[in-house]
Amino acid sequence: MQSAPRTAAQGHRVRLEPRSDVLPSNGSAEVRLAALAEHDAHRIRALNTQIEQAIAIRQRNQSGQFSTSVKFSVNAGPGLYIIQLTLGTPPQTFPLIMDTGSQLIWMQCQPCQFCVSQNATLFSPSSSSSYATESCSSTACASLPRQCSQSNTCQYSYSYASQASTQGQLGTETLTLLSPEGSTSAFPGLVFGCGLNNHGEYGGAAGLVGMGQSSLSLPSQLSSVLGGKKFSYCLLSHATLPSSSSANPSSLVIGEPAAESASRMQFTPIVVNPAVVASLYYIDVLGFSVNNVRLNIAASTFSIQADGRGGIILDSGTTYTYLPSAAFSVIQQAFDTFVKLPRYSNHPYLPLCYSVQEGQETTAIPPFTVHLQGMDLAVPLDNYFTKVDEQGTYCLAIIPSSGGLQIIGNMLHQHYDVLYDLDNSRIGFLPEAC
């Protein structure tokens, strides 16, 4: 990445918009929450499948460690939020899905052998004077599953846990970022995939923006010119607000300004899962409290196991929080002890629900705390109980899982300024009005 004409200290803030195919703007809260649960189910099932494949590869290696030639990257795939990125000369703007669970930036390109529907014209490399292909000998090419063409052009192949995939040529292009104030900054040399053979469901987006920890992700590539490898976001509750709302939209900040509130944040370390070369953000959950009473759940319940299974990730692309059934049972019993409201037991996918009269929720439902390594997250009521219908049914936004990966979803950390400080391998949280 070449130097940019703008100083690094200013950074960039871009809007995050919910995917309209997952969150229809004309749907009721009940319909929208059900759509999010369905999206979650596909994402989690696919992630667990890829992690199992990674573990199997590791176990076949006699040393128990990855050799230099055997690597398996677990990439979550299509998430829930879209950003607008501008590439090329002359510049063209494209809607791309932001994914904290993958590493590659890519979008569909002409001449496309197989492309899915998108809400923008296909990018044409031949029409951009700043586009260049990456050679097979480049460092960027070496970091991806690839093969060489006769012209020594890097041909990449990249797959996601969701069975979506992209194949094409790796290239470089000038990225232009637009600030809310209307100013622009150009960043030559952004490495991205020009997808010529693409499969999956992207909701009209032109491709994906990987926000993971690898060298090819957007925060990594911009780190030298924006003051560090870091980004932050503050997510609104798109389960209850119309997706068409433009007031105070969710936002993504890239570079040093993402850390402007770091002195007021609490931090927890990013945990490494040695079984996979992953872009996923594992964190160390120690336990939970209900009504300020620490629950009797062993911290090992949430730990990464020696074979790489288990563990908890923080994921912007999953809505609900998913915990082991045994831990969920303890949490459910604690709420039942303190909540003196009628139970509602007919919800199709959220097991713990109460019938609440208007105004009761703030006094009848006790506080909930997530204990992380190095900090406690006392989350607001709306983050852990959600209203699911017009009859006043409130449900705990946690779903028990039968095993595998555990997830802290975006609902539990909505309305927080969340800083991914990759330079220091930590994630920070600050309650914030987005």
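Backbone N, Cα and C define each Cβ position, glycine as well.
In TrEMBL, annotation is done automatically, which means it is predicted and not curated.
The Cβ of D99 (active site) has 27 neighbouring Cβ atoms from other residues within 10 Å, across all protein chains displayed. Per TrEMBL, the feature active site maps to D99 (among others).
Sequence annotations record features per position, and here TrEMBL assigns active site to D315 (among others).
Per TrEMBL, domain 'Peptidase A1' is recorded for 81-430. Averaged across the domain 'Peptidase A1' (81-430), pLDDT for the predicted model comes to 89.
Annotation source TrEMBL lists region 'Disordered' at 1-21.
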If one measures from the C-alpha of D315 (active site) to the C-alpha of D99 (active site), what distance in angstrom results, rounded to a whole number?
9
Cβ neighbour count within 10 Å of D315 (active site):
27
